[in-house]
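Lifted from Swiss-Prot, the feature list:
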type     : residues                                                   : note
ACT_SITE : 69                                                         : active site, proton acceptor
BINDING  : 7, 8, 9, 10, 11, 12, 70, 150, 151, 152, 153, 173, 178, 179 : substrate binding site
BINDING  : 40, 69                                                     : Mg(2+) binding site
């Protein structure tokens with residue numbers, strides 16, 4: 001069964017593809033469709049943005065689409081960067097710049113608790129949607145560690161593993177990550193939803 005992921009982010013594509021392929025899905029993404037329109041993320045929550053992306057792409061393609069909106073919420077920054085995680089340091093969406101700004105804003109801060117949040121929305125061309133949310137609690141480190149992952153992964157420490165998300169192997173990350181948790185919630189409902 002084909003499923004299109006509504007993202008141009010190669011890191012998200014790789015992570016979601018690794019989780020969806022074993023479920024029997026043939027995964028494509030907006031990277032395979034360079035002419036597909038970009039959705040303006042005007043929502044104020046991860047769920048709203050995921051639904052905007054999924055419903056617009058499903059209507060455009062006439063096919064079921066899975067959209068992810070995810071980000072980092074840092075307690076000492078009142079939940080920022082939140083839905084602006086990708087654009088925290090500016091519209092160019094640079095992981096390095098975002099991480100540098102986060103470290104700058106947390107300079108001298110002892111409360112470094114944070115969470116990754118992922119909202120996944122599966123939409124049909126009819127507009128019917130199924131939305132789930134996954135979170136993982138952690139802390140922000142003082143310097144980037146690890147080569148795997150993307151975004152804030154090199155700074156986000158997973159307490160139970162004493163590693164940053166960027167130090168985790170793909171299989172480890174799939175078990176504990178916010179995206180993995182959301183996908184497991186979706187997994188129980190995805191086949192009936194797609195067939196219904």
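For all residues, glycine too, the Cβ spot is worked out from N, Cα and C.
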For residue 40 (Mg(2+) binding site): DSSP state (helix, strand, coil): coil
C-beta crowding around residue 151 (substrate binding site), within 10 angstroms: 23
Local backbone state of the residue listed as 'active site, proton acceptor', from DSSP in three classes: strand
Around the Cβ of residue 40 (Mg(2+) binding site), the count of other Cβ atoms that are within 10 Å: 10
Neighbouring C-beta atoms (10 Å sphere around the C-beta of residue 70 (substrate binding site)): 26
Fewest other Cβ within 10 angstroms of its own Cβ, chosen from the binding-site residues 9, 11, 153: 11
Residue pair residue 69 (active site, proton acceptor), residue 7 (substrate binding site) - Cα distance, angstrom, rounded: 9
Residue 40 (Mg(2+) binding site) and residue 70 (substrate binding site), distance between Cα atoms, whole Å: 15
Residue 40 (Mg(2+) binding site) and residue 7 (substrate binding site), Cα-Cα, nearest whole angstrom: 12
Protein Cβ atoms within 10 Å of residue 7 (substrate binding site), excluding its own: 20
Among the substrate-binding set 7, 8, 9, 10, 11, 12, 70, 150, 151, 152, 153, 173, 178, 179, as the record gives it, the longest Cα-Cα distance in Å: 21
Local Cβ density at residue 178 (substrate binding site) - other Cβ atoms counted within 10 Å: 26
